[in-house]
Amino acid sequence: MDIKALHTDLEELFPKMVEIRRDLHRHPELAYQEVRTAKIIADYLENLGIEVRTKVGGNGVVGTLKGGKPGKTVAIRADFDALPIQDEKDVEYKSTIPNVMHACGHDGHTATLLGIATVLAKHRDELEGTVVFLHQHAEEAIGGAAPMIEDGCLEGVDVVFGTHLSSTESVGGIYIRSGYMMAATDGFEVTINGKGGHGASPHETVDPLVIGSQLVMNLQQIVSRNVDPIESAVLTVGSFHSGKASNVIPDTAKITGTVRTYVPEIRDLMEKRITQLANTVCQGNGATCEIKYHRGYDAVWNHPAETTYIEDIAAEAIGENNVIESPPLMGGEDFGYFMQKVPGTFFFTGGAMDDANLVFPHHHPRFDFNEEAMKVAGKVLLSAVAKANEAEIGKK
């Protein structure tokens, strides 16, 4: 395929991509409520003559474009759910839905993938192999990737690619690494059951506040004293709730937190030690506790061959200086589930606004991104599809 022609077509299509992105931004939908968004995606793909499956694993949409020549089957994923956040930007395309907004760039992911689909559909006769467009619902909730996989979205797929726009990294570049890219994301909740009483008579109580405070400090020792210093882990206590009155010792206290790890063995260790410490601290102080440990997304691990391939492809498409090695990140993503089934890689595309005063992190009420980033992501992924059959990537 003529990569230059693909990139030119994408440039010409860019105003349409912006139009799609801004429409989705005005009409965001939360996870598992993405009815309008899913219909827009499905209708758009069908109008391109692309085979479409809807309600894949929930509200997922899968488009399949078969090329005119034999070759590998390449999947590209974009998520499309929004967040329960009030949009506070002063722009004409701000959210029209109270307390719901695209605060993580999923509208841009969707518009980018639809742009890629448009260009490839135009060149389908020259396309070697098949391209599967994975439009995923519910990334921000319990995860739409796993149910889509269970519903067969990866059947016949040889290699999978994905990207995420970054509102804080410079536009023009991509950020990628081989191996662990993002962390496993777990959560825990400890309810301490003590014995309440009057603040003037603490000897007649089992104070859950004091016990909880001791537990918070003990939990912070897990990373520093139980985890191999060569490995990485984060344990953050995010909430501690107990009591209502200043002179009353409450009956209970509740602590919640998040755990981030890469290596499965460290993940297991964190769960084990949190459980042990909670039980030991509470029992040692005459209290009981209830512990809930929730395993969230698995870590995102980029396959080496596919990562090197994207790095090389991106160097040609956007310039070698714009391919930047990313550090491993402690944020979470369910794209890793796709790569547990099929070789692939996941990277970030820089999308910081030109005005530094408009740069805000993801999940912020004033989040926005530089729409030029959609061109960058689109060009890299178009190139990846075009040259996939020339490289030693994908299922062997």
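Quick reminder: no glycine exception, Cβ is built from N, Cα and C everywhere.
Binding of Mn(2+) is attributed by TrEMBL to CYS104, HIS106, GLU140, HIS363, and the same site annotation extends, among HIS123, HIS164, to HIS164.
Sequence-distant neighbours of HIS363 (Mn(2+) binding site) (same chain, six or more apart, CB under 8 Å from its CB) are LEU83, ILE85, ALA103, CYS104, listed in sequence order. Close to GLU140 (Mn(2+) binding site) in the fold, though at least 6 residues off in sequence, lie LEU30, ALA31, ASP79, ASP81, ALA82, LEU83, CYS104, HIS106, each with a CB less than 8 Å from its CB. With DSSP classes pooled into helix, strand and coil, the tally for the domain 'Peptidase M20 dimerisation' (187-281) is 39 helix, 32 strand, 24 coil. According to its DSSP assignment, HIS164 (Mn(2+) binding site) is in a strand.
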